[in-house]
Amino acid sequence: MSSLIDMAQDHHQPLILQSSPRLPYKDSSDCGDEIVPCSLSHDPVSSSPTPADDNQRLVSLDVFRGLTIALMILVDDAGGAFPSINHAPWFGVTLADFVMPFFLFGVGVSISLVFKKLSNKPNATQKVLLRGIKLFLLGLILQGGYFHGRNHLMYGVDVGKIRWLGVLQRISIAYLLASLSEIWFVKNIRVESPAAFIRKYYTQGLFSILLCSVYMVLLYGLYVPNWAFAASHLNSSGYASKFQAVHCEVRGSLEPPCNSVGLIDRVILGENHLYQHPVYRRTKECSVNSPDYGPRPPNSPGWCLAPFDPEGILSSLMAAITCFLGLHYGHIVVHFKGQRQKILLWSLFSFPLIIMGFILEVIGIPFSKPLYTLSYTCLTAGASGLCLTVIYYIVDVKCIRKPTLLLQWMGMNALIIYALAACELFPAAVQGRWHGSLTAGHTTFKKMGYLSVCDA
């Protein structure tokens with residue numbers, strides 16, 4: 001989201017120094033088989049940056065964001081035709097379920113690079129708050145109900161039914177939490193050893209553990225009572241609403257109707273301000289075509305029509321943890337300049353996260369994007385880190401950049417492409433322009449008398 005969140009990145013003098021001498025700068029096209037920066041010579045001993053390399057952009061991060069945008073467009077356009085790559089109905093993980101964590105992970109890496117040199121904390125805090133508010137408001141405009149999609153050429157929103165949370169709102173929340181922690185919770189000490197690295201980010205790590213703990217306590221400890229919602233149904237006089245009761249009276253349930261994530265959103269936001277077409281309408285209980293949308297089976301539960309926001313308050317709190325994990329990967333970029341070191345450390349963190357995700361799933365914490373469970377967080381964050389590691393090796397180590405130029409461009413313009421593609425602004429604008437042209441042409445010809453017979 002480069003236009004609101006400053007994604008400008010540049011390397012700086014490493015705090016964990018390498019013993020090898022600096023080498024003169026060479027053109028980035030001089031890439032060899034050794035793992036050395038693209039702008040350095042082929043001396044395999046060197047791993048320290050040159051002054052020119054200090055200002056080099058981390059191209060692999062742009063490509064990673066571009067890949068995320070491309071993946072988002074793919075699953076949005078093809079998910080309806082191929083339900084297997086669409087979001088999992090409730091439990092499980094599909095290709096589409098990696099898009100949001102990839103976004104959040106990339107934001108975390110970017111934050112660590114943006115704030116690696118911080119001189120004025122109050123000024124930085126003011127900028128972070130302003131950017132976060134702008135991103136939240138943009139998400140409110142794009143996903144709050146103002147734009148009605150390509151099939152509706154009118155705009156406007158019913159304030160009584162505006163959707164307060166969405167994709168960009170979730171990213172803005174994670175960005176604010178991660179950025180403020182990077183500004184205020186990181187100690188101003190020089191990192192010259194692994195112990196110093198831990199001391200520098202110790203408080204920030206405790207804060208992320210606190211957020212995760214609050215999520216887990218509320219998810220499994222909050223009591224969910226019975227509740228009801230207004231369900232629309234079609235009768236002889238049109239659409240009418242009636243209240244549908246949902247029986248819960250449970251604690252720690254992760255099922256669609258009785259989880260704490262939905263409870264908190266209903267109490268704080270109100271059911272009219274939640275997403276009205278939740279993904280669990282594609283579950284076996286709610287669709288005969290599961291995992292795709294379809295008619296409700298006989299005797300389907302009433303909660304199939306209940307609203308639920310996949311970017312709700314509690315789940316967004318846990319989603320911020322993915323951003324914090326991205327921060328950690330970015331810290332490795334800042335403090336470890338050897339490319340072998342980065343690849344090794346990123347891999348050492350990525351594989352255990354993936355394994356931990358499967359272990360948590362086995363012991364009873366299922367993968368669930370709507371709830372953003374801990375197992376889902378570990379699996380997707382580990383996959384994000386592993387994907388970034390592979391891209392880093394290809395793009396920034398081996399300098400294979402021509403095949404990824406399009407992805408790099410998409411990553412540098414992620415917010416614009418998201419707004420145009422995912423929110424259907426571009427097709428809606430084209431359709432609206434075409435419709436407007438036809439209407440204008442119809443009016444002109446009618447005034448000229450050419451359409452009078454046809455109109456009659």
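Glycine is no exception: its Cβ is also placed from the backbone N, Cα and C atoms.
Fair warning: this is a prediction, and the values are worked out from it, not measured in the lab.
Annotated domain 'Heparan-alpha-glucosaminide N-acetyltransferase catalytic' per TrEMBL: 57-189, in sequence order. Annotation comment: TrEMBL describes 98-116, 128-147, 167-186, 206-224, 313-336, 343-367, 373-395, 407-430 as transmembrane segment.
Here the transmembrane segment (313-336) has long-range neighbours at 11-12, 14-16, 58, 100-101, 104-113, 116, 165, 169-170, 173-175, 177-178, 181-182, 191, 197, 201, 204, 208, 211-212, 214-215, 218-219, 260-261, 264-265, 268-269, 342, 345-346, 349, 353, 370-374, 377, 380-381, 384-385, 388, meaning same-chain residues at least 6 beyond its ends whose C-beta is under 8 angstroms from one of its own. Here the transmembrane segment (98-116) has Cβ contacts under 8 Å with residues 1, 5-10, 12, 58, 61, 64-65, 67-68, 71-72, 75, 124, 167, 170-171, 174-175, 178-179, 182-183, 186, 319-320, 322-331, 333-334, 369, 377, 380-381, 383-385, 387-388 of the same chain, all six or more residues outside its ends. Sequence-distant neighbours of the transmembrane segment (373-395) (same chain, 6+ residues past either end, Cβ-Cβ under 8 Å): 59-61, 63-64, 67, 93, 97-98, 101-102, 105-106, 109, 212, 215-216, 219, 254, 318-319, 321-322, 325-326, 329, 342-343, 346-347, 349-358, 360-361, 365-367, 401, 404.
Nonlocal intrachain contacts for the transmembrane segment (343-367), taken as residues 6+ away from its ends with a CB within less than 8 angstroms of a stretch CB, comprise 35, 88, 91-93, 97, 254, 325, 328-329, 332, 336, 373-383, 385-386, 388-389, 392-393, 397. Broken down with DSSP, the domain 'Heparan-alpha-glucosaminide N-acetyltransferase catalytic' (57-189) shows 84 helix, 2 strand, 47 coil. The average pLDDT the prediction assigns to the domain 'Heparan-alpha-glucosaminide N-acetyltransferase catalytic' (57-189) is 86.
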